[in-house]
Amino acid sequence: MDKQFSFQGQYDFKTVSTGLYDSWSSASFFKPQKNKVPFTAILPPPNLTGTLHIGHAFEVSITDQIMRFKRLRGYGVNWIPGFDHAGIATQTKYEKLARETNPEYFQAPRKQKVKMIMDWALTQGDTIQSQIKSLGASLNWNQVNFTLSKKASQIVNDSFIQLFEQGFIYQAETLVNWDTKLNTAISNIEVINKPVDQQLYYIAYKLANNPKKRLVVATTRPETIFVDVCLFVHPKDKHYHSFVKQKVVNPLTGALMPVFTDSYVDKKFGTGVLKCTPAHDFNDFALNEKYRLPFVSCIDHNGLLNEHAKQFTGLTVSAARQQVVEFLQTQKLLVKTMPLTSNVGFSERSDTVVEPLLSKQWFVDLPKLKKALAIKKYPELIPKRFNKQVTRWLSQLKPWCISRQLIWGHPIPVWTHKQSGALHVGSTAPTDKQNYTQSTDVLDTWFSSSLWPLICLDWHKNKHFVPTDLLVTGYDILFFWVLRMTFNSYFQTKQLPFKQVLIHGLVRDAQNRKMSKSLNNGINPMDLIRDYGADATRLFLTSNHTPGDDLIFNEQKLKSAANFLNKLWNVTKYVLQLGEQAKTVPSTHLPSTLSERWIWAKLKQLIVQTTKLLDKYQLALANQALVNFIWNDFCNTFIETIKQEDTALLPQLYTTAKTVLSTAVVMLSTVTPFLAERIYQQFHSGSVMQASWPTAKAVKPPKLFADVVEAVSSLRHYKANNQLVANQNLAVVLSGKAAPVVQNYFHFNWVDLRIEVNKTPGFQIKIVDNAANNLAHLEKQRSFYLAEVQRSQAITTNPAFLKKAPPHKVKAELLKLEEYQKKLAEVNHLIAKLTKAE
């Protein structure tokens, strides 16, 4: 019992949380106890590029609630943290800072550059770790990992070497996403598509044997015509049957090009004629592989046109486009131009237009690896609907480019013989290393990240790999991370890396937009913790989403979470004061009151309900049940009845109140650990983290008191929904056989109560005050809500609205309809129940 902490004054989350995290950590509460059934999870490693963002806070809050629940349930929880070196993201972030603070970096040798980035990155890790702790995350900080540590390097090298030796890693020249500013290949996830206003150029390709005839091609990229290899038309497009297998003249080079047919061609786009430029377009590259055509590039890795562009050599892509169009115009080969808005890929890190370019890179042959592994059962995905998406991805796997032209990352363990070109692949250099050149490329960050479970569980030391129990992660990296972890872990261990994957969505702004720098709509979770506290932030984040769905940020709901914690603080103060009052009353053994039996039954129902929900990771529903119990059942009902009970009952009522409160607080500690700890320590020695999850069998609350609760609620609704004269009380008749037993529960300062005992079972209430006027008021309300329900139903069943309106507007209208229907039902209930005897 913590006698030093006082519940005097108003709720102050800063005072509540001060010192608690350090005390938990010092007591080793976050370390797994070896004598318990293990439950292991790994934290998706945040990038060392800055500070914690709202998505991290969302994920950490979800996972920590589950980890705390499992601890209370008796598991030896080991939640393992760590950080991702985040190759391109970290290097570009540091180099941007270095331009202002450390210009010496750009003249430094490679090894020194890596050290400079490492020193900076590790300080970022300290900041992120501090921020995660401020959320109350119960991570095992004695086991922190890093994807660029010596341990990780050994595992990464071993994995690369084994995959290479077994034929799953190879080197090839092929088309990749190329960042011309950073001069490196990048992954699909690092390409951001943005709508761009462009011009669609209609260009004539003359028939070789009849220059008067021509095929017109619509393209946004006339600067790549130099390396066109052929034209395609759709086989069912009758307009072009006579052109098939003929040759046309390249309008910029004069080279002859064949005309082929392929059903890939979109007959409705442009003229229905497609120019094939396999060195600069992924779709064209796929066609090229199908038809085995020659291909060559006219754009170099710096984004400049090369020698194949003739007089346009050395120009940037944008400058070349303009000059090529002018040249075609002079040759009377430009038929027309039309405006077009279409998506263009930009590099997430440099904001440069991404160029599909030919480059010699290293690849993991994922289709071949998948076939060889023959995994029969993948980790269980929650929700199950993501299984379809994963199945589709598995059927469409392509080789994975794993090399990057950066300095920050795991060096590719490959040396090339200077004369023969023979490769040496190993964790150490060849004995005659003077005859070899070491690769200057590094591995894609996702390659080391795909080995994260092995890194976290020290697989290089202990080959007995124990799969983790749960991974909590976002749907946006399900393919890029989760599937690749599954492949790499299974390749090394013949076991899945995790048993279950709980999938969450993104955090979107109040307008349902994805957060981005361009929109400047990002939310800093540290600001939320500063303004509302970690408990309120966690409660909001975990209570307003369902697995797999996005969370729409709503500050009003965050304020509601803070209001609940204030209510919890105040009721704790009241219970503590009740304890002081109870000391002045002689202790006697009296039967439990009706309200006590009711609150015990409600508590048992809550225990059963929340246990089932948290076992299924239905955090939002569990939290809503907890909040509803504490706010309505405990505070608004049970505590209010205490004020009306005989003072002789105070000792037992206090015992019931503190026991129910502290039991509920144990469950609540999973989501609001700071305030829960302070409350728990008022009634118990030790920490709430040493408590056990309560167990119970569900029982039905006493019907008589349940009827009382419903009747009181109806009276309150009636009072709130009717325009009563100032200082006028409700005249209420309480009748029935049980009227004397329950009358205390109706003694409010706004009720004039008259008791009429009769032989009718139970009790009945009847309002006799100004019934006609109040009924008229209720009828008016009913008409209003009925009209709104009908209006909203008309909108939400209108096919045009459902087809054209944005999803968030449809959802908002459906929520409106639900609220109006609820209000209408309440008014109907009052009209039916409160104007006549039950």
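Backbone N, Cα and C define each Cβ position, glycine as well.
Cross-referencing 46-56, 233-243, 409-419 with Swiss-Prot places the feature motif ''HIGH' region' at 46-56. Residues 514-518 are the range that Swiss-Prot records as motif ''KMSKS' region', among 124-128, 339-343, 434-438, 514-518. According to DSSP, the secondary structure content of the motif ''HIGH' region' (46-56) in residues is 3 helix, 1 strand, 7 coil. Looking just at the motif ''HIGH' region' (46-56), the mean pLDDT is 91. Using DSSP to sort the residues of the motif ''KMSKS' region' (514-518) gives these counts of helix, strand and coil: 0 helix, 1 strand, 4 coil.
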